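To keep things clear, I will list the structure first and then write my remarks on it.
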């Protein structure tokens, strides 16, 4: 015990020493925030020869994504899917299991182990690339200085020629609903429930709500999704969306669309929600053990001293930047969720790389029209480019090619053939305008489509590329064949 205490004290002292050492010498780049955008920007800046310091308030690197977002949610999605498969599909494949049960603490431990390993891995990358890591909450006191309240106590000032704000985003709250992370939880709380609730209500039918709802639905929770809008995932292609919702309903998830929450009662053992139609009307009561508020995210830009130094922001709290990611204050830059654009970890990473490339005198670029989006349910839904609705609204003459997974040999062989691939292409030029995939591992397959759109490929180009057989990726080839001429296997 004494040795452990001594080790912690030494670690704290070393951390403080590094922080004060960082303050003693001006950095070329100071990154405020160590999430996907921030830590990637810091590493890339160092690789480009810039003296770099990264400040992170959490005390562990990786931001929301790695600590309480993308990574732990994917760990639970995978673990819960394994359990669901064992329960519903293994016997069909000749694998019989008796006394199957969920060991929730073990499932959570596996998730936590993955998170811990990855956060430590980023610290290792910082050391490898000679990035100075300061643990604490940073607040700008000038365009070249950041005052840091250190995690281990005390304060230091870090000086930089260029400061990048990469503070990410936070959970968006709803009026009249207080998140206590006990009965009413955010996605953070939904990742660490101590037991499997009998009933859960998810407020919001976006990416995060559907993913976390899927986790607990698979483990035995009765999940009802309440959504103000008439559709789930409004950014999704309409045809894909409808089929996706049917798949989720087949998995016993319930949906109440065009519905709003107008009252919350937590006085009993659970939660009672008062609901009414979005347009107004007769009210109803919906009870749950746990309510997950998943109404989106909001930029984390308050309390950073930005107002004091004159950094311009919009009404939503997003920092306004130019094409080089610079704010209206010389020397202050911003990336990721803190600026307008998709609130996605991979978008933030690309922002970070492009920003520091500009700072190093090079050219950086991010094509925001080609940022892929993935819903990590089962099946997964992935897309890039324009939806059919967007292309139609633009007035461009177009063709659509679709291929069902029921006709894909690999999907049939592994008995996982629910879904489809849809390709939208310009009717005159055959240039691919959008690709939408609902399939197991759609999040992996989509990158062939991203590459195709990035280089202006036609549907014929992709259709003529030899794809390994049997693979689910062949469904994309067939959808392109169907767009250009005619698919072989339907």
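Glycine residues also receive a Cβ, built from the backbone N, Cα and C atoms like all the rest.
Because the structure is a prediction, the values reported are computed rather than measured.
Listed in TrEMBL for this protein:
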DOMAIN    28-352  domain 'FAD/NAD(P)-binding'
DISULFID  65-70  disulfide bond
BINDING   204, 205, 206, 207, 208, 209, 210, 211, 227, 296  NAD(+) binding site
DOMAIN    371-479  domain 'Pyridine nucleotide-disulphide oxidoreductase dimerisation'
ACT_SITE  469  active site, proton acceptor
Checklist entry - Given the NAD(+) binding site residues 204, 205, 206, 207, 208, 209, 210, 211, 227, 296 in the record, what is the largest Cα to Cα distance, rounded to whole Å? => result 15
Checklist outcome for this item: Residues lining the NAD(+) site besides 204, 205, 206, 207, 208, 209, 210, 211, 227, 296 (CB within 8 A of their CB center) are 202, 213, 225, 232, 233, 294
Item to check | Secondary structure tally of the domain 'Pyridine nucleotide-disulphide oxidoreductase dimerisation' (371-479) (DSSP, helix then strand then coil) | outcome: 39 helix, 33 strand, 37 coil
Next on the checklist: Counting only residues 6+ away in sequence within the same chain, which have a CB under 8 Å from the CB of residue 469 (active site, proton acceptor)?
Outcome noted: 409
Checklist entry - Any idea which of the recorded positions 70, 210 has the thinnest Cβ neighbourhood at 10 Å? => result 70
Next on the checklist: Long-range neighbours only, meaning 6 or more apart in sequence with Cβ under 8 Å: which ones does residue 208 (NAD(+) binding site) have?
Outcome noted: 73, 187, 294
Checklist entry - Any idea what the Cα distance is from residue 210 (NAD(+) binding site) over to residue 65 (disulfide bond), rounded to a whole Å? => result 17
Next on the checklist: If I take the alpha carbons of residue 227 (NAD(+) binding site) and residue 70 (disulfide bond), what is the distance between them in whole Å?
Outcome noted: 22
Item to check | residue 206 (NAD(+) binding site), number of other Cβ atoms within 10 Å | outcome: 21
Checklist entry - Other than its own, how many Cβ atoms are within 10 Å of the Cβ belonging to residue 227 (NAD(+) binding site)? => result 24
Next on the checklist: Return only the integer: C-alpha distance in Å from residue 206 (NAD(+) binding site) to residue 70 (disulfide bond).
Outcome noted: 14
Checklist outcome for this item: Row residue 65 (disulfide bond), column other C-beta within 10 angstroms, all chains, value 22
Checklist outcome for this item: If you measure between the CA atoms of residue 65 (disulfide bond) and residue 204 (NAD(+) binding site) and round to the nearest Å, you get 19
Checklist entry - Could you state the CA-to-CA distance between residue 204 (NAD(+) binding site) and residue 70 (disulfide bond) to the nearest Å? => result 18
Checklist entry - What average pLDDT is reported by the model for the domain 'FAD/NAD(P)-binding' (28-352)? => result 97
